[in-house]
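Visitor: OK, TrEMBL features for this one:
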- 15-26: compositional bias 'Basic residues' (COMPBIAS)
- 529-545: compositional bias 'Acidic residues' (COMPBIAS)
- 45-509: domain 'Major facilitator superfamily (MFS) profile' (DOMAIN)
- 1-27: region 'Disordered' (REGION)
- 511-545: region 'Disordered' (REGION)
- 120-141: transmembrane segment (TRANSMEM)
- 153-170: transmembrane segment (TRANSMEM)
- 210-229: transmembrane segment (TRANSMEM)
- 241-260: transmembrane segment (TRANSMEM)
- 340-357: transmembrane segment (TRANSMEM)
- 369-391: transmembrane segment (TRANSMEM)
- 400-422: transmembrane segment (TRANSMEM)
- 428-449: transmembrane segment (TRANSMEM)
- 461-478: transmembrane segment (TRANSMEM)
- 484-504: transmembrane segment (TRANSMEM)
Amino acid sequence: MAADTATAPLLTSHKAGKPAGNKKNKAPSIDDTIETYMGATGAAQLLKAVLLAFAWAFDAQQVFISVFTDAEPGWHCTGAEGASCAASPCALPAGAWAWDRPASASVVSEWSLKCAGGPALVSLPASSFFAGCLAGGFLLTTLADSLLGRRRMLLASIVSMSVAGVLTAFSPNVWVYAALRFVSGFGRSMVGTCTLVLSTELVGKRWRDTVCVAGFFCFTIGFLSLPALAYAFQEASWRNMYLWTSLPALCYSILFYFLVQESPRWLLVRGRKQDAIETLRQIAALNGNSAITSSFSMLHACVMHQEEDAAAASDSSSSSSSVFAALHSMWERPWALRRLAAIMTASFGIGMVYYGMPLNVGNLGGSNLYLSVTYNALAELPSSILSWLLMGRINRRSSVIALTALAGVSSLACLVIPGQGLRMGAELLSFFATCTAFNVVMMYSIELFPTSVRNSAVGMVRQALVLGGVAAPVLVALGRQRSFLSFGVFGLVIGCFGMFAACLPETRGKGMSDTMEEEEQKEAAVVDADADAASDMDDSNGDLV
C-alpha cells in the first residue's frame with residue numbers, strides 16, 4: 001500500500017496536467033449536440049438534402065454546356081467556283097464550302113471564330129467562364145462562412161448564374177458572349193461548394209457520405225442532360241441550350257428558398273443561438289423527434305463554449321471580424337496552410353483533366369460528339385456509385401494518389417494506343433478515375449478543416465479545380481494540331497500533382513472539428529502520440545542493447 005501511495009503522484013502527474021490545460025474539451029461539441037437534438041435523420045429531411053443536392057445538376061449544365069455550344073461543326077466543299085478542297089475552310093473562298101449543319105448551331109460557325117482568331121478566340125468563352133469561377137471563388141468563398149451563410153450564398157449563386165445564362169442566349173457577338181460567360185462563372189463559383197457543405201451539415205453523421213455522393217450523382221444527371229438537349233437542338237440555334245438550362249434553374253431557386261434551412265452548425269459557430277434552436281426544431285419535427293427539443297441546455301453550453309473561442313480569436317487579431325477572417329485564421333496556422341496547399345495542388349491536376357477531358361473528346365478523331373460526351377457523362381455514374389460504396393471504407397490519402405496515377409497513365413496511353421475504340425476506352429478510364437478522385441477530394445477537404453473555416457477551405461479547393469479548368473480549353477484547342485499538348489499534358493499534370501496528397505493526414509473514421517482550436521488539439525494529440533511511440537521504440541531498442 002505504501003508503495004502504491006508513493007508512486008501514485010508520479011503516475012498521475014504526467015496525465016493530470018493535460019486535462020487541466022484542455023478544460024474546454026469537457027464542453028459538448030457541436031457535432032454531438034446537433035446529433036442529439038436532430039435525432040436520426042428521417043425520410044423527409046433526407047429528401048430535403050437530396051433536393052438541395054440537385055443544385056449540382058444545374059451547375060454541371062453550365063460547366064459543360066460549351067462542349068456543344070462552342071463546338072467546331074463539320075464542313076464540306078460545295079465544288080463551286082472550281083476551288084479545290086483544302087484542309088481548312090479558311091483557305092477557301094466564300095461559296096466554295098458550307099457547314100454540315102446550320103451556322104447558328106454553334107458560336108464558332110455563327111461568328112466565324114475559327115478563321116477570325118484561331119484557337120485563342122475559339123477557347124475564349126470557355127476560358128472566360130472558368131476565369132469567372134476562379135474570381136468568384138476567391139472573392140465570395142468567405143461570405144458563406146461569415147456574413148451570408150451557406151443558404152443565402154447558395155441562393156444568390158444559383159440566381160445570378162441562371163440570370164446570366166438567360167442573358168447569354170441573346171449575345172450579339174463573341175465579346176459579349178465571353179463577358180456573360182465570365183459573369184455566369186462568377187455566380188456559379190459557390191454553387192457546388194455551398195451545396196456540398198450545407199447538405200452534409202443538415203443531416204446526421206450516418207448520412208453525410210450519402211448526401212455528399214447524391215450531389216455527385218445529381219451532377220452526373222445534369223451532365224447527361226446536355227447530349228440529349230444538344231441532339232434535340234442540333235438543327236436549331238445554340239441559344240436554345242442556354243434558355244432550356246437557365247430557366248429551370250430559376251424555378252428551382254424559388255423552391256429552394258421556401259424549403260431549405262440554414263445550417264444549424266454554422267448558426268451555432270456564429271453565435272446565433274435562437275436561429276439555431278428554431279432550425280433544429282424544424283429538423284427534429286421532420287425527423288419525428290419534436291418531443292426531445294423541450295430543453296436546449298446542452299446547446300446553450302455548446303454555444304457558450306464557441307463564443308469564448310470566438311472572443312479569444314477576436315482579441316488575438318483585429319482582422320477576425322472581417323469577411324476574410326476564415327482565410328486569415330488559416331494563414332496564421334502552418335498546419336492549416338500545409339493542408340490547404342497540398343490538397344489544392346492535387347486538385348489543380350484533377351480539375352485540368354476533369355473539365356478538360358470532355359472538351360477533348362473531339363480530338364480523338366472520327367468519333368460522334370453526342371455519343372462521346374454521353375459516354376463521359378455515363379462514366380460519372382459508376383464513379384458516384386463506387387464513391388458511395390467505398391467512402392466509409394477507403395483511406396482518402398492513398399485513394400487520391402492511386403486514382404490520379406491511374407488517370408495520368410490512361411491519359412498518356414491515348415497518345416500511343418492505336419485504334420479508335422481502344423483510345424476511347426483509355427480516355428474513358430482516365431475520366432472515370434478522375435471523377436472518382438474528384439469525389440474523394442471533395443469529401444476529403446470537408447473532413448480536413450473545421451466548421452469555422454470549412455466553406456472557405458472547400459471553396460479554395462474548388463478554385464484549384466477550376467484553375468485547372470481555365471487552362472484546359474487552351475490545351476484542348478492546341479491539341480487539335482498536336483495531341484501531346486492535350487492528352488500528354490493532362491496525364492503528366494494529374495499524375496505528378498496527385499502525389500502531393502501524401503503530405504495530408506488521413507481522416508477516414510475521424511470526427512469533424514468545429515473550431516481551429518479543436519483541430520489544433522487533435523493535431524497536437526497526433527504529434528504527441530507519434531512522439532510517445534518513437535520514445536517507446538527507443539526505449540525498447542535501449543533495453544535490447
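Every residue, even glycine, has its Cβ placed from backbone N, Cα and C.
Show me how these features fit into the structure around them.
Guide: Sequence-distant contacts of the transmembrane segment (120-141), counting only residues of its own chain at least 6 positions beyond either end whose CB sits under 8 Å from a CB of the stretch, comprise 62-63, 66, 70, 72, 107-108, 113-114, 153, 157, 174, 177-179, 181-190, 193, 355, 359, 455-456, 459-460, 462-463, 466-467, 469-470, 472-474, 476-477.
Same-chain neighbours of the transmembrane segment (153-170): 55, 58-59, 62, 140, 143-144, 177, 180-181, 183-184, 186-191, 194-195, 198, 239-240, 242-243, 245-247, 249-250, 252-253, 256-257, counting only residues six or more beyond its ends whose CB sits under 8 Å from a CB of the stretch.
Under 8 Å from some Cβ of the transmembrane segment (369-391) lie the Cβ atoms of residues 64, 67-68, 71, 209-210, 212-213, 216-217, 219-220, 223-224, 226-227, 230-231, 357-358, 361-362, 399, 424, 427-428, 431-432, 435-436, 439-440, 443, all in the same chain and six or more residues away from its ends.
Remote same-chain partners of the transmembrane segment (400-422), defined as residues 6 or more beyond its termini with a Cβ less than 8 Å from a stretch Cβ, comprise 346, 349-350, 353, 357, 364-367, 429-431, 433-434, 436-437, 440-441, 444, 483-484, 487-488, 490-499, 501-502.
Same-chain residues lying 6+ beyond the ends of the transmembrane segment (428-449) with a Cβ under 8 Å from its Cβ atoms: 196-197, 200, 209, 212-213, 216, 330, 336, 339-340, 343, 346-347, 350-351, 353-354, 357-358, 375-376, 379-380, 382-384, 386-387, 391, 394, 396-397, 399-400, 403-404, 406-408, 410-411, 413-414, 457-458, 461-462, 465, 490-491, 494, 498, 504-505, 507, 510, 512, 519.
Cβ atoms under 8 Å from those of the transmembrane segment (484-504) belong to residues 338-339, 342-343, 345-346, 348-350, 352-353, 356-357, 360, 363, 396-397, 400-401, 403-405, 407-412, 414-415, 427, 430, 434, 437, 444, 448, 468, 472, 475-476, 478 of the same chain, restricted to positions at least 6 beyond its ends.
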